[in-house]
């Protein structure tokens, strides 16, 4: 037994009591020297006390007067000062709208837009004045009848003539010096700065574009302060995928302009990601995809598997990897998809083939890995689809006449799924085995499971023993009976039928 001693700090009650019993102050601000100073005061000293008290109050007021000091800037309490603007060389001060003290994204960065913080503030004041003038002019036109075929007012006609004249002044093209300046800007800054836009269009249209940029940046800032935009964290919290809204588990390296939104909208067929529901609705109206690209190599019932080459369908495979990273912790493959084949499982209905899950494998694996990455979409988890994907990967290994194993490290859910699959494969094999001597090599050749995985599974099931210099495999009938009962209860709805596979191994594998 152990005795734990806890030392509790004592509170100095004496000091607290002394603090509470501090004698009251006299009108002069000093503590009384004796009891008579409080209780007894002569009439002749009243005027003197009042004069001293007044002088003391004036001195204290002067001491506490901080009007001569410069005022401190107060930032919004929701700003996180650990976050920085991603633009190189930017100190995160200022905002494109001219209304905020700091920014944390490219959309609000003055430096990215080739401006300074003071220039943004000046443009903001100019826009405010123009808005006030526009409001006054609208009030003057309120007395006019609002009919559909109403003729434009004199003010509107003058404004139209002014805009036409401004657009007429646009330069026909860039001269040699301007072209050299633009090329030098692009070479020195690349994509970290906005291209120079002067003289590309008329000054009027350029100013309209700047106003639209500032308005969009202001709307994003309002969303960020309301908590709907995760500025700086670049963590997508939810995705809208088909008829599901899925909470994400991990960070995925989507472009910064999408990641900071906090929510992405995805087409479930071509996997294109978008910023808003409106853009998604317009995309779905014209998207012609109803199934993954590539060849359909398996179909039974409403379950299909498509083989997609990362070299032929690069964009789709990259989007698939970015989507998978939202739910996988150890995934590192995002953009280099050309050396891989992707096997995408779908479930079909009258609207199309919906993504259930996928696994990828190298075209030429020196270690005979039959799976590089595997994922079941969250809305289809715990329904048997994960084991179907694993079983399908081993079916391909059997057709290739190879022994396969998944690439390490496995995720937590992946390890659980593979351990469960290996257990079922071994119990099924032992249930059908009628001989007396069994070989690990024979099990591996028939099931396409790596011998190392077979041995580790037998050890976890306590079916491998060492006796008199030999390794013995114990046929535990209790485990086999439990497996048979579960198989009967589960049925054959979520199994892979080898006869439904129409596939030949790609050349060079």
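Glycine is treated like the rest: Cβ placed from N, Cα and C.
Owing to the predicted nature of the structure, the values given are computational and were not obtained by experimental measurement.
Positions annotated as active site, proton donor/acceptor by TrEMBL: 407. Within its own chain, residue 407 (active site, proton donor/acceptor) has 367, 369, 371, 372, 373 as residues 6 or more apart in sequence whose C-beta sits under 8 angstroms from its own.
The compositional bias 'Low complexity' annotation in TrEMBL covers 32-44.
Among the features that TrEMBL reports, compositional bias 'Basic and acidic residues' is placed at 120-145 (among others).
Residues annotated as compositional bias 'Basic and acidic residues' in TrEMBL: 155-166 (among others).
Under 8 Å from some Cβ of the compositional bias 'Basic and acidic residues' (176-192) lie the Cβ atoms of residues 87-88, 112, 199, all in the same chain and six or more residues away from its ends. The compositional bias 'Basic and acidic residues' annotation in TrEMBL covers 176-192 (among others).
Residues annotated as domain 'MYST-type HAT' in TrEMBL: 231-505.
Taken from TrEMBL, the feature region 'Disordered' covers 15-49 (among others).
The annotation region 'Disordered' is assigned in TrEMBL to 120-192 (among others).
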Across the domain 'MYST-type HAT' (231-505), what does the pLDDT come to on average, as a whole number?
89
